[in-house]
Amino acid sequence: MGSQEVLGQAARLASSGLLLQVLFRLITFALNAFILRFLSKEIVGIVNVRLTLLYSTTIFLAREAFRRACLSGSTQRDWRQTINLLWLTVPLGVFWSLFLGWVWLRLLEVPDPNVVPHYGTGVVVFGLSAVVELLGEPFWVLAQAQMFVKLKVIAESLSVILKSVLTASLVLWLPHWGLYIFSLAQLFYTTVLVLCYVAYFKKLLGFPKSAKQQMLPVSRMTDLLPSILRSRAFVNWEEAKLTWSFFKQSFLKQILTEGERYVMTFLNVLNFGDQGVYDIVNNLGSLVARLIFQPIEESFYIFFAKVLEREKDATLQKQEDVAVAATVLESLLKLALLTGLTITVFGFAYSQLALDIYGGAMLSSGSGPVLLRTYCLYVLLLAINGVTECFTFAAMSKEQVDRYNFTMLALSSSFLVLSYLLTRWYGSVGFILANCFNMGIRIMQSLYFIHRYYRESPHRPLAGMRLSPVLVGAFALSGGITGVSEALLCCEQGWLFRLAHVAVGAVCLGATLGTAFLTETKLIHFLRTQLGVSRLADKRT
């Protein structure tokens, strides 16, 4: 498969993922806004911080390294060995869920049962749900490797929507159940997610003459189960070694990704109510990151991993592939920078209004608006880091990955210390400031790697980090106008003034996007080209 074909598939995966995720996320957004009206801040803090951290830590430690290793390198692999390796995530998940469950029950502060009932049941069920989700790991990796465009988005979005519907129904009808509601909904979510993948492959493998089925490296459902290989080892040891390298990196990355929740959970710097408000604002602020940046990062990580060879410098690889990778990276950097700047500039003036609409006075008063404004700056760094790291992790050799782990170790330690200190000084805003510092360091590491990678070639993908002065001026002018609009029109003078404030923002946004359209012609050409490829591929399928 040529680099242009792989690029087309990656663009198709990202664009289709964006459209479907926007639709499904909007439905979930409305359901969550409804649920918030019936919950206390303490319940939100326990579920969204304490229990979700247990689930995400178990999942991340058990599968992240396997995913990266099994999606890297050549497509010419023995998939029976790869599938065997992926099934090792299940016993690993059982180990982590038992160990972390014991920590959550015995070593951490237990909430008041009168305020948050059934905490012990919540710990057990959230740990069980992580193990259930790992049962679908071979199906997920195979689907990603084959670039099945809509399966991942539909499966995950459908699961989230059904989970939200179940939660909203139980909160409305059986509010006294407490954590039983969220535990049952979490287990239901992971079960539906796994069943979606299993049902899809069962149906696909039932039609042996279909084009998609003939491209698969498996021919029946039993091929997706672990098996003993007579002529080969149970797993590919090169993949296993790469998995171990990624596991060490994943452990550190998890600390960096969820660092503020670990500090909140283990050091008790915020009470459960403040944790709840912080997490709601954090989830609202990261909504765009999950909708836009995550599909792009996941799709183009696969593209870079297939086009580039890990153990070779850029000058020793096929130059057509290196050139395509450089062009794509430059365009993605520009897209991430523009998207992040738009969110940062306009987010400052519309944070309080967004929180008031989403959660009422519980969020729009107090520290909520300051948190969301600070988070808008963090989103800019998230956007850039997602693109730079997706290239860096796809192009690094095993030795470079190991060296990068030492850097991540030092960064993890400094991040945790900085989070604790800044939170003591500035409250919950300190978590976001520490995250900004952490993300800035990671971006610099990745930019340094990209610079060295292309140093001996004629390509300069980091040019995507530069904007025209006219566009920078448009952003600055829009920020100033919307800031004045917020001071004069929002948010205590009624809905008519709020709508006027929104109208001012819409005009400024349109002017800024128009300026970007006129000045960033190379990016516009890239987007038009790839969206055209995506639509053509959709018509053919």
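Here the Cβ of each residue, glycine as well, is placed from N, Cα and C on the backbone.
All annotation found in TrEMBL is predicted automatically rather than curated by experts.
These numbers come from a predicted model, not from an experiment.
Features as listed in TrEMBL:
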- 18-37: transmembrane segment (TRANSMEM)
- 43-62: transmembrane segment (TRANSMEM)
- 83-105: transmembrane segment (TRANSMEM)
- 117-141: transmembrane segment (TRANSMEM)
- 153-174: transmembrane segment (TRANSMEM)
- 180-200: transmembrane segment (TRANSMEM)
- 335-355: transmembrane segment (TRANSMEM)
- 375-394: transmembrane segment (TRANSMEM)
- 406-423: transmembrane segment (TRANSMEM)
- 429-450: transmembrane segment (TRANSMEM)
- 470-489: transmembrane segment (TRANSMEM)
- 495-518: transmembrane segment (TRANSMEM)
Best-contacting stretch, by C-beta pairs under 8 Å, relative to the transmembrane segment (470-489) and drawn from 43-62, 83-105, 335-355, 375-394: 335-355
Interface present between the transmembrane segment (429-450) and the transmembrane segment (375-394) (three or more C-beta pairs under 8 A): yes
For the transmembrane segment (495-518), sequence-distant contacts whose Cβ falls under 8 Å of one of its Cβ atoms, 6 or more beyond its ends: 338, 342, 345-346, 349-350, 353, 470-471, 474-475, 477-478, 481-482, 485-486, 489, 524
Same-chain residues near the transmembrane segment (117-141), Cβ under 8 Å, at least 6 residues beyond its ends: 46-47, 51-52, 54-55, 58-59, 62-63, 66-67, 70-71, 82-83, 86-87, 89-90, 93-94, 96-98, 100-101, 104-105, 110-111, 152, 177-180, 182-184, 186-187, 189-191, 193-194, 197-198, 200-201, 224
Leading stretch by Cβ pairs under 8 Å, where the reference is the transmembrane segment (43-62) and the options are 83-105, 406-423, 429-450: 83-105
